[in-house]
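So the structure is just underneath, and the comments pick up after that.
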2 protein chains.
Amino acid sequence: MSVTAAQGFAAAGVAAGLKPSGERDLALVRNRGPLTAAAAVFTTNRCKANPVLWSEQVIADGVVSAIVLNSGGANCYTGAAGFQVTHATAEAVAAALEVSAGDVLVCSTGLIGDQLDLAKLTAGVDAATAALATDAGLGAAEAIMTTDTRPKQAEQRSNAGWTIGGMAKGAGMLAPGLATMLVVITTDAVLGSAQLDSALRAATRVTFDRLDSDGCMSTNDTVALLGSGASGVEPDLDEFALALTEVCRSLATQLQEDAEGASHDITIEVVNALTEDDAVTVGRAVSRSNLFKAAIFGNDPNWGRVLAAVGTTDAAFDPYRIDVAINGVQVCAAGEPDQPRDRVDLAPRAVRVRIDLHAGDEGASILTNDLTHDYVHENSAYSS
Amino acid sequence: MSVTAAQGFAAAGVAAGLKPSGERDLALVRNRGPLTAAAAVFTTNRCKANPVLWSEQVIADGVVSAIVLNSGGANCYTGAAGFQVTHATAEAVAAALEVSAGDVLVCSTGLIGDQLDLAKLTAGVDAATAALATDAGLGAAEAIMTTDTRPKQAEQRSNAGWTIGGMAKGAGMLAPGLATMLVVITTDAVLGSAQLDSALRAATRVTFDRLDSDGCMSTNDTVALLGSGASGVEPDLDEFALALTEVCRSLATQLQEDAEGASHDITIEVVNALTEDDAVTVGRAVSRSNLFKAAIFGNDPNWGRVLAAVGTTDAAFDPYRIDVAINGVQVCAAGEPDQPRDRVDLAPRAVRVRIDLHAGDEGASILTNDLTHDYVHENSAYSS
């Protein structure tokens, strides 16, 4: 049930002194092989943190021997000095593990614009290297937490003999999108980096890319997939893709359920769209409406705010044919009030909004959260 | 200082019983001529309220004799019955004023999905007709308020002898954008509807269209400009355009300063963009970042969140050459920390964020607000 569930991986989570609280803040995951295949996707934000700039180069050849992650600072907009810190961190890992620095992914999360303390990072890398273990996945998952209230882990085991395990942190958005989402997934299936890459892109497209907690996109988001091949089993590619998607979906849902300050987990299901892109566009527009999200916080099934958000998109639909159901109650049919809104029970944390566009056969669901006092509090009081 | 400041106009604001509170909720503005020239712009939301669908037809010929506005209900997504209510309201005004119903604009604001009470509207129209007066502009401005805490009015007088006056309601967004913004501007300058239309579009483009309080777009927004020609003066077109823009700017600023729950009025000034569109795109992206807006509420000059929002756009810029100043303190220079962030004083209500893209010579400013506990409260507790 962790980043070390698959054979061939060891992990560690240590306290390097980057977090003022003294909690664990540096994680290391090592791929012991025999393969060192890897794939990764990064934030599409044009303002990218130094570890993303570094890691985009590392992943180019599909070979990764280790990944080092720190909380306590994003190392973003810290200039050339900040890039040197990332580089030196990778060098420290390379020296400790006797691998090439060019095969070490680096991830950081925390406040933008502050320099990280390289001496603390280096000492942390040494401590983590010494602590590497096949049963230390939970410690690694804890070391990457920022405003997360709990570690996130997932696992899928195939009867064919291979395993996928993963860990994630992030208490906000995506696209892949700012509380920064960092995800490390490992597998012992025998796959090359190109196969890992296509499986990872397919899985993130329908999971992490459809989690949009607060519409903000991080400068640091990274999802990495490392393959050790240690099971010795070449998987059925379809089965692998399905299992990987399941691990991503589990981690994405855990991110949603731990989103900063949220009191509702909202699934916006768009059906009968002309294209899947239309469904995603409509779902995302609703997920980004502060008025809708505040209404859900207030347990108010305000479907007018749903339609107002739908109407801002260029998706194919007739505005006066749309149906909206909230938690199974069809409050709007063909653009007119249907069932009484007081039949909708918004007391449970899980909320499902179903939007029928009557324009085609495609669909998609977007995961989001409500807009709460606690969200405002966490994001006004906490510099991240 | 009101919608009756220009000659040729009379107004009234009465209590028609649409608001449960018993406060004024129906406004009427009559153009007594000699001209009945007019122009209007409406929400670009594809989910349009019935009064917008009606008024788009009315404005087509550029002739408007009167405009009737109600709070207490948006008459949006109320189906054919709702359209009939709008139509009947226009007919009631037409009968009372002995004009054509096709020359009567209708505006509504309030909750989506509820039918308005036609009998109350009709009685309110009769009462308003009886109360029409050239000194009743303030009453009209009060009658269109919803969550507004104060009426909004503006005026410009030319030495040449003509006047522009206006009123507005709205405590949220724009584009023109959901708390619904309704604006009525009147002038006694001698201008045709085509001249009014081009002046109005030019003025709204740089004023109301750059107010983006919470990123949400209403189904009901309307900005109408009525010309009576009663001054007998043909204005210099440039002077008129300038004065109209000033009236729009004043009303837009009043809307910003009364935005729901806001504790800061934020101007996002984007300079040295390659195009004006780029500047607007960048400013709007920052204005829609909940993380940035929550930070400002917390008096935290979190420039990392500014850059993270800028990075989501396709505007022309080098991410590592951008400068950011907050209230005059350059906190970020060329993508690196510059002045200490604790030099920024965010205690005042007015906040100015200046983003230098170093990509050209164009610029634009977007007006927005912070994201506060009171915003969440008002929009979770109040169905609008």
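Using N, Cα and C of the backbone, Cβ positions are placed for all residues, glycine too.
Automatic, uncurated: that is what TrEMBL annotation is.
Database features, via TrEMBL:
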BINDING   B:T146, B:K169, B:T180, B:E260, B:N379, B:S384  substrate binding site
ACT_SITE  B:T180  active site, nucleophile
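Cβ-based neighbour count (10 Å, all protein chains) for B:T146 (substrate binding site) stands at 22.
Chain A comes close to B:N379, taken from the binding-site residues B:T146, B:K169, B:T180, B:E260, B:N379 by a C-beta to C-beta distance under 8 angstroms. Taken residue by residue with DSSP, B:K169 (substrate binding site) is part of a strand. Summarising the environment of B:T180 (substrate binding site), the number of other Cβ atoms within 10 Å of its Cβ, over all protein chains shown, is 31. Look at B:T146 (substrate binding site): DSSP puts it in coil. Mapped onto three states, the DSSP output places B:T180 (substrate binding site) in coil.
Just so you know, the Cβ of B:N379 (substrate binding site) picks up 30 other Cβ atoms within 10 Å once every protein chain is counted. Classification of B:E260 (substrate binding site) by DSSP places it in coil, neither helical nor stranded. Residue density at B:K169 (substrate binding site): 29 other Cβ atoms are found within 10 A of its Cβ, drawing on all protein chains shown. Note on B:E260 (substrate binding site): other Cβ atoms within 10 Å of its Cβ, all shown chains, come to 27.
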